[in-house]
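Student: Heads up, here are the entries from TrEMBL:
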ACT_SITE  E342  active site
BINDING   G122, P123, P124, G125, T126, G127, K128, T129  ATP binding site
BINDING   H341, H345, D416  Zn(2+) binding site
DOMAIN    114-250  domain 'AAA+ ATPase'
TRANSMEM  5-22  transmembrane segment
TRANSMEM  28-50  transmembrane segment
Amino acid sequence: MKKNLLIVLFMIFSVILVSTFFDLGKVYQYSSIKLKVFLIFLDIALIFFIRKAQKKPELMLVSSLRQEEKKEDSSKTKVYFDDVAGLEEVKEDLQEIIDFMKNPEKYNKMGAKIPRGIMFYGPPGTGKTLLASAISGETNSNFIYASGSEFVEKYVGVGASRIRSLFEKAKKQAPCVIFIDEMDAIGVSRSSDNNSERDQTLNQLLIELDGFNRYDNIVVIGATNRIELLDEALLRPGRFDRHIYIGNPNVRSREEILKVHLKNKPLDQDVNIKQLARKTHGMSGAHLANIVNEAAIFAVRENHSSIGNEEFNKAIERVMAGLKNKSAVITEKEKKIIAYHEAGHALVGRILNNDLIEKISIVPHGQALGFVLNASNEDRFLMTKKELCEKIQQLLAGRASEEIIFNEISTGAQNDLAKATEMANEMVCEYGMSTLGNRTFNHKKYSSGYENLINKEINLIIESAYKNAKKILQDNLEFLHAIANKLLTKETISGQELEKILKAS
Ligand SMILES: Nc1ncnc2c1ncn2[C@@H]1O[C@H](COP(=O)(O)OP(=O)(O)OP(=O)(O)O)[C@@H](O)[C@H]1O
Ligand SMILES: [Zn+2]
């Protein structure tokens, strides 16, 4: 505001100054040299003040704090865990922190330090901000919102001083939850480039995190879509040492989220929320909230007294059209291919018993359209040749399953093939596990005639693993169908549910 006023004054005086040189009628008949000099000085002074207003960190700090205050005002309507649908495991995980904030004496008496730095990571719009503000709601503490990008400045030291004032403010408002969204804006690995402003900001944040054990009752929550970019120092014990993944919702959670957002909205009787949840595969909570809102707007526009299926369909279409990540929009046919692909990985993995299987999912996760999560039952330092071959079989089982069921293969196995090739290459070139003998083939320290032989060995390992995986699946086809069908209806299956399917079929 102040800067704009200065600019307007500058322009007015400049116009008067210029006009004094052209003796425009009687108005300026007194335009003496003195007046001209006075106006020139005035303009120079104004330029000086405008530049100062642009540079002055304090001014910017005040404006950023005002922004923060605005955000706080808007968050005055408290959010509770009930407003966050799904994410049951995460909420359970957070109970301990909530208990600590409610009864700090209980923990202090035992000398127990609760992890107070939490990092939420995962795709955008999945409820990270919502969850953080629900923690403040549940503990009846203040919520301080900041975004990493607010601390990114050209002028060295400004970001660091904003971090300092953020924590000072938190100390004054304790008990409170500090939420820093877009952590990657300040927390990217310091070695990646030479940016001394960002390094100073990050260092200041580390200092505050280390110092804040002394403060009472402050929880700091960071959020990022890209945890792998963050500086390791930030994720170390005592800092953001709890890392909680918040992924896209599965069909049941989507139903719950839709219900939260449809609360208090008039619906046509034939609207089926379960069906809406099925239609919105791959969408985040933010997309679902958006769909409900769009549908309500459509209904108002058409003068309906309640929201009907037609409005929901239009809203889904509109939100899907706006999606940047088109991979999130998956057709029924693709969903089926993904389900059989993941079922293939899980079944071969389970039968070979490489690792216990913790979760199978066809909910998109980053670039992957589905995934099988192995729960390693023990830390492994050694792997046998047989185990490595079995791992490759599990990797190739996704494609094998697609080939068996659809008589066709898809691009979905790209990553699996890359990993399998890498493992086979290591077996031949690093572990001496091929007919080429107990030797390595590293750093080109071998004659060029070996290149062909190495390739042949890698191909042999991969071909035989693929054949084995296919045979396992063909011998257990009923299980494959059962797992894939379950995935199509539920989208995620736990390890225990997998065991149930295998027993029942
Ligand atoms: N689990 C959920 N339950 C209810 N609403 C949800 C849920 N997840 C997301 N939403 C809706 O989506 C909106 C955006 O979510 P939020 O801002 O918390 O996402 P985010 O993970 O912080 O996103 P980003 O990574 O882009 O900052 C919320 O305000 C809410 O309306
Ligand atoms: Zn795969």
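Every residue gets a Cβ built from N, Cα and C, even glycine.
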Student: Spatially, and counting Cα to Cα, which of the recorded positions is closest to K128 (ATP binding site)? Options: H341, E342, H345, D416.
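Tutor: Closest recorded candidate to K128 (ATP binding site) by Cα: E342.
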Student: Reported as an integer number of Å, what is the Cα distance between G127 (ATP binding site) and D416 (Zn(2+) binding site)?
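Tutor: That comes out at 30 Å between the alpha carbons.
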Student: Would you mind sorting out which recorded positions among G122, P124, G127, E342 put a C-beta under 6 angstroms from ligand 2?
Tutor: none
Student: If you measure from the Cα of D416 (Zn(2+) binding site), which of the binding-site residues G122, P124, G125, T126, T129 is the nearest?
Tutor: G122
Student: Cβ under 6 Å from ligand 1: which of the recorded positions G122, P123, E342, H345, D416 qualify?
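Tutor: Among G122, P123, E342, H345, D416, near ligand 1: none.
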Student: List, in sequence order, the residues of the same chain other than G122, P123, P124, G125, T126, G127, K128, T129 whose Cβ lies within 8 Å of the centroid of the Cβ atoms of the recorded ATP site.
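Tutor: Near the ATP site, the remaining chain residues are F120, A223, N225, I246, S284, G285, A286.
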Student: Between the recorded positions H341, E342, H345, which lies closest to G122 (ATP binding site), Cα to Cα?
Tutor: E342
Student: Sequence gap of 6 or more, C-beta under 8 Å: which same-chain residues meet both conditions with respect to T126 (ATP binding site)?
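Tutor: When sequence neighbours closer than 6 are ignored, T126 (ATP binding site) has I246, G247, N248, P249, S284, G285, A286 within Cβ distance under 8 Å.
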Student: Please report the DSSP secondary structure of G125 (ATP binding site), reduced to three states.
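Tutor: In three-state terms, G125 (ATP binding site) counts as coil.
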Student: Among all chains shown, work out which of the recorded positions E342, D416 has the most CB atoms within 10 A of its CB.
Tutor: E342
Student: Determine the mean pLDDT over the domain 'AAA+ ATPase' (114-250), rounding to the nearest whole number.
Tutor: 85
Student: Across all the protein chains here, work out how many other Cβ atoms are within 10 Å of the Cβ of P124 (ATP binding site).
Tutor: 13
